[in-house]
Structures are given as structure tokens and as C-alpha cells.
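Q: Taken from TrEMBL, the feature region 'Disordered' covers 321-354. Among the features that TrEMBL reports, domain 'PRMT5 arginine-N-methyltransferase' is placed at 373-550. As annotated by TrEMBL, site 'Critical for specifying symmetric addition of methyl groups' applies to Phe402. Annotation comment: TrEMBL describes Glu520, Glu529 as active site, proton donor/acceptor.
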Amino acid sequence: MDASANYDDMPVFYVGHHETKRSYPVTDLLLLQAQDCNYDMLTAPITTAHFHTRVLNLLSAHNAALAAASNKDDVPLPLISPLGPEDTLMTPNDTVSQLLALTSPWIDLASPDPVIAHISRQVFTQEVAYACFCGVGNIIIQGPKLHHGDLSQDGVAQFARAIQEALSIGPYVNLQIMLPMVDDPTVDSSDEMGSLAPFAREEYLQGKGGKGSKTVDHFGAWDAWNVIRTVSLILPSQLPPMSVQSRWFSEPLRLLSIPGSTFLKNKKGYSVLSVGHQALITRYMRLRNPPWILLTDVGPIPGVDNPDAVMSMSTGFLSPEAVSTTPDASPSHDPTPAEAAQIPKQKKPQDPTPHLSYIRYLQKHQPAKTPIERFGSGYQDYLQSPLQPLADNLESITYEVFEKDPVKYEWYERAIEAALRDWKAQNKTTSSPDGSVVVAVVGAGRGPLVTRALKASASSGVKIDMWAVEKNPNAYVLLQRHNHDTWNGAVTVVKSDMRSWKGPHRGDGSHGNVDILVSELLGSFADNELSPECLDGVQHVLNPTHGISIPTSYTAHLTPIAAPKLHNDVAAREATDPTAPETPHVVMLHAIDYLSTLAPPSSSSSSSGPKSGAAENPATPDVQLVWEFTHPVSAAVIAQATLRQGGSAAGGAGGATGGDGANEHNFRCRKMSFACRDRGICHGLAGYFETVLYQGPSGKVELSTNPNTIDAKSRDMISWFPIYFPLKTPVLIPDDAEIDVTMWRQTDDRKVWYEWLVEAFVTVRGRRLRVAVSELHSSRKNGCLM
Ligand SMILES: C[S@@+](CC[C@H](N)C(=O)[O-])C[C@H]1O[C@@H](n2cnc3c(N)ncnc32)[C@H](O)[C@@H]1O
């Protein structure tokens, strides 16, 4: 952890204690003992072993009746009588709300055998209803059994149906389905002693053509979740490939269950997690709503057999050897199973809750937040409407937020300084009567770029004639005050829309040109705050031979994403705003999964995840260039646009989407193809931008929000969050598919809007087949006003 890290910034871990076979009652006292140890919650089974035995006896009696019957249809399905006092230890009291109630893991709601499914449903419904009656707030449910004989994933829909029903029993309860990260048919705990699943009759276990697969399906468990859509995840000891981890990361996860078996023993015999697991926990704990951690089967609560025992609280302060991850103390190497076997057992564990202590230690040692994480805290995955600084007048507080950026203004200053140095070195003529380089910040806001231009002039030693143009009358007040108080009157402040500004006025009543036009009119998708339209409109003041625009160009970029949380939020907004699903939103993307990545094509086809357990970096998304704008535009293009204005015959027959077509040179359209290795759901498109502020002999200065280039071009820049183009109906993407995205920038001379369409293709026997297509989305009703 960074020494300067602020403890207030550190994530809070909520840690629970869970035993899959808790054999002792969860009493108020036990809960207090667990809290003394620094656990935040406990799991408790809803029903007892007595109830389990009662159900098994009922099943045997039914099977005996079937065997004895001449006509099986005459035997009624078994009925479980209501719970009795011996069937459950749970009771309504003050502490029940702090428990995570467990439904019986031995039922099989997904069983293809109707008798097993019928019994399981009854058990499940009675348990959920009783837990809700007692006031339980969270219920953990064993996920569906994914394999029955030859059948794979056959009963997931049955399971999902039962969950729906349970939600109607307890509308205020959180149901959390416990799932493994990957579907490994060779590891199936539901076939244990006492489980109902093995009682399923053979006749119901025959596959519908073909044997059920016995190979690991990395996305199989996610597939099941996709039908059920509420989840708790069990962290396996061998983490699956990063593509699977990233997929789960994008889902609204409530609980992360870490079984004791997932811990390793380090050289000194302490229980630790692999570097990969640590990285995964860190990733999750940086979410706005991080999941709770459930330590599973790490031994009983200390003192369970001794109510008078004095508990020591896990504080998270551990010795270096206690937390050393590996046998050789190297942080990048975990023990192989053979090495682990050689590690001497810890003789006498001093710490009664070593796993909890280790998790508390991790909590204390989370890496410090990056500037963007600190700045954006609370904004993760929160949808915001993009600003319209042209149509609206921004508030002072909005400018204040921009001005906190530690990078943007610094980079602008570098760009202006480089431009001034080159101007001087190249001996270019200037537009001012006294030879100063005329610099205008157009859209000056409260003036931070003006300050930077003045500094750039001082540091480069190039004299400038400084102008600040702003159309927001309120910001204009501050600009004038600034000029008086801090710029010593060195700036001429003009209140004007830049498009109608005539240029620097001279003593003789004429208007001169500007040598360097500085602007910051960029939105999250580069051109969505109408920088192209504004800069075209002010180009008439630019020095026609040497004039420079800072920025000189900008590009929009995008990539398809799975974003279930954003999709739900957009859908919820639709009730009050029908345009929400067709409105691009600014959002600090966090819990998302990139569907198309540039990682080497290994993971989903290989049978295991990263070998060493070492931290694997998330794959690089395939972020593609959509389009570009450069400034100044050619004089011929501006001349044609001017000709079209007013609708003369010489200006053509009008615009394709309305208006005269005067802004049609800013129309753009582009189709992109993204390769997707793993199946998933496309909920929308993530948009970014890059810009070249200046490029010349003195250097190139760029800004970027593109996740692939931001670190190289403008690390820690916080001014812009990405943009999200939602899909009304998510598009299901099969394995080894291609996503084609077509994007349009449309205009009718009065506004600009975007349109987008997503198609999914697979190639079968050499033919590219379209398997899904989204609607054509259009933000025309919510366009950016010119
Ligand atoms: C994104 S803010 C940038 C403000 C300031 N340059 C900064 O970097 O903090 C864009 C500014 O441009 C102004 N603006 C937008 N369109 C304009 C136009 N056509 N003419 C003049 N000002 C404009 C807005 O009012 C706003 O102050």
C-alpha cells in the first residue's frame, strides 16, 4: 500500500462465516462470538437434519409404494407435511436479520425426475417461506445441478422458475444463488450422501441424442446464471482464465464464497491466497457495491464449544511470514501441489481464525486508489446525460470539476508552448500588427486555458496577443474579473458565440485573424459536444496560411461490451424517459466485460486457467477507430458548406436527413467488425476518444480516454468518462462469433445525433450467417443542438 494512501479511501470488506455442514445451532450467543472474532455475519441452515431425514424417509416410502403398485400412475406424489419445531432451529428474533439463511443443499430443483423435482420444490418453498416469516433478509441457495446422467443444463429453466416463485413468496428478501466459477462435470458435490439427486430414476436421465459432455465448460456456469440472473460465486482453488473472471466481474455479484480449500499454505504453514486470487479480490472490492466475502468451511467459530472463551479479534495486523504468499517467498510463484505437500504443517496455530485474519490483512493492504478512482468514486457505472455546452450554459461548479484535472491543462500548456516554439523557429508571419502571435481560446469557460496560454508564452519566450471568447454570459463575468485580478489586463475578453465572432478587432475598426485557435469542446465520444460544428464556424478568423488549431484532430473509438447493470438501469429509466434506451450516456464504466479482446486465443479452449495462480492481467479490449475530424478543414469544404446554406439551387437539393445539407461534411458512417471468442451478451457499446492537440517539430501532444492508450498518452486524466451506447434488446453472441457494429453521425443543420446497429455473425461450413441483429437505434429525439 502506498504510504500516502488515505485510510478513508480503503474498501470495507464485509466478511461472513459459512459451514456447508454446520452441525451446531446458530444461536444469538454464537453470532456474538463470531462478531467478537470480527466476522460480520454468519450463515445458518433453515432446517435441521431431522427434517432432512423426514424427507428421505418420505422418498423411500414413495419408492416402495411405486415398486409395489401394479399401476404407477395410481400412486400419488409424495407430500411433505408442514415444518414442525424439530425441523428448524430458526426463530424470529433480533439477530435473525444478521444471518444468511441457507436452503437445503441436498435438494435438486433441476432434477429431470418429476418426483425428485416435486419434493425439492416443496422443501424449497417451505424453507423460503419460513425464513421470510422469521425476518431473514438474505437467503443463499445452492445453484442448479448442471449434469444429470447424459443431460447437461437440462433443468436450469426449472430451477429459474422455482427462484421466480420464491421471489413472489418473499418480495423483500435477497436470494443469492451459489455457483462455481466454471462448470466442471467431474466435480459435483450434489451427488453426496443424503442428496436427492442420485435417487433420480434412470429413465429420466437419458440424453436427447448424444452423451452429456464430461469436459470442463468455462462458460457453462455463466450460461446457467444467464438464465437465473442472481448469483453468489464460489472461488475455486485454480482460477479459470481471465476471460471467465472478467465475465463474472461484469455481473451484479452479491457474495464471493472463498472455501477453505482455496487457501494455500505458505512456507511457514499459514493460510494465504494465491496472487491471482488476491488480484481478483482487489478487483471486486473496488466496485461501488463490492460483494460480501463468505469464508466457507474454514473451521467452526472459535469458542463454539466454550461459551466463556475470550475471543481475540482479527485486526489484520500480521507478520510478514504469515502473509508471504509462496513457499519460496517469491510473490510471483505459488506452490505446486507437490510443493504444497512438502510444506510442514503449522505446529500449533496461535490464531483461532487464520483465514479471517488473512482476509482482514488483505483489506488493510489494498492498493491505493488511482486519481481517477478517487475522483470518480460514487460515479462507477452511474449513467449521466452528456453535457451540451453549446446549447446550455454550464454552471460554475461544472467548470470547477473540469479544472481539477491534473493532466488536461498541463498537456494543453505543453501543446501551446510547442506550437509557439515552432512558430518562432519557422519564422512564420503573425496576424498581429506588432508581430505577436495571436492566440484565442474559444470557449474559454472560467479561463484555465487562457492562464496556460499565458504561461506557455512566458516559458517559450514567444510574445502573444491573447484573446478569450466565450458565449456563456455568466462565465464571461468571471473571465473579465480574472483579467483584472490575475492576468493584469493582458487578455481581450469577448462575449460571443465563436461562430459569429468576426475576429480580433483592431483600432481602425477592422478585424484581424487568429494564428492559434485553442479550444476544448470535446465530449466523451470526441465530437458529441459539437466541436466540429463550432470550429468550422470560427475557422473564418484563422490565419489562412499558417493558422493552427489546438486540437488539430480527434478520433472516436468503440468496442462492444456486456454491461448487465447498465442495461437494467437504462431499462428502469425507460419508465419515465422513453428515449433512455436510445440515448448515449456518459458513464464511468467499471463492472463491464469487453466482448472482443486482443488476448492470445488460448483461454476458453484450454482445460485449465493460469498455471501458477499468479495474477493475470485482464485482456486488452479490441477498441476500434470509428472516425476522425481534423482542423482546419479544407477551404473548399467550407466553401461548399457555405454554398449549401440557405438552400440555393447551386447548393444542391438539401440534406439527406433534413436541412440544407450545410453541415453534411460532418456526417460520418463506419462499419466495424469485432471477433468474439467466447459467448456472451452484448448490452451496448463503450465509446472513447483520442485527440492530437499539437504535432510539430517540437513534439506531439495527445490526450486519450481509450483504455488501450490512455496510460501512454494521458495517464491519470480525469475530465472525461467513456460514453455508453445502449441496446434496447441485448444481443446474444455465440462462441466464435463476429459482432458487426455500424455507427452513424447524422445531422440536419440544426442538430447532430448518432445511430447504431449491432449484428452477430457465425461462420458455418464457410458461410457467414447472421444469427442476431439489434434494432436501429437513433438518438435523434435527444440530439445535440447546434
Ligand atoms: C468544455 S467547456 C471548456 C471550458 C474551458 N476551456 C476549460 O477547459 O475548462 C466548453 C466551453 O465552451 C463554451 N462554448 C461552447 N460552444 C461555444 C461557442 N459556439 N461559442 C463560444 N463558446 C462556446 C461553453 O460555454 C464552455 O464554456
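Along the chain as shown, the residues are counted starting at 1.
Placed from the backbone N, Cα and C atoms, the Cβ positions cover glycine too.
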Q: Just to confirm: which same-chain residues, 6+ apart in sequence, have a Cβ under 8 Å from the Cβ of Phe402 (site 'Critical for specifying symmetric addition of methyl groups')?
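A: Within the chain, Phe402 (site 'Critical for specifying symmetric addition of methyl groups') has Cβ neighbours under 8 Å at Lys408, Gly445, Pro448, Ser719.
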Q: Same-chain residues six or more away whose CB lies under 8 A from the CB of Glu520 (active site, proton donor/acceptor)?
A: Lys408, Tyr412, Gly443, Gly445, Leu449
Q: Restricting to the domain 'PRMT5 arginine-N-methyltransferase' (373-550), what is the model's mean pLDDT?
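A: Summarising the domain 'PRMT5 arginine-N-methyltransferase' (373-550) by its mean pLDDT gives 96.
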Q: Can you check which residues sit near Glu529 (active site, proton donor/acceptor), meaning Cβ under 8 Å from its Cβ, same chain, 6 or more apart in sequence, and list them in order?
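A: Pro386, Leu387, Gln388, Pro389, Leu390, Leu521, Leu522, Gly523, Cys784 - these are the non-local Cβ neighbours of Glu529 (active site, proton donor/acceptor), listed in sequence order.
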Q: What kind of secondary structure is Glu520 (active site, proton donor/acceptor) part of, going by DSSP in three states?
A: coil
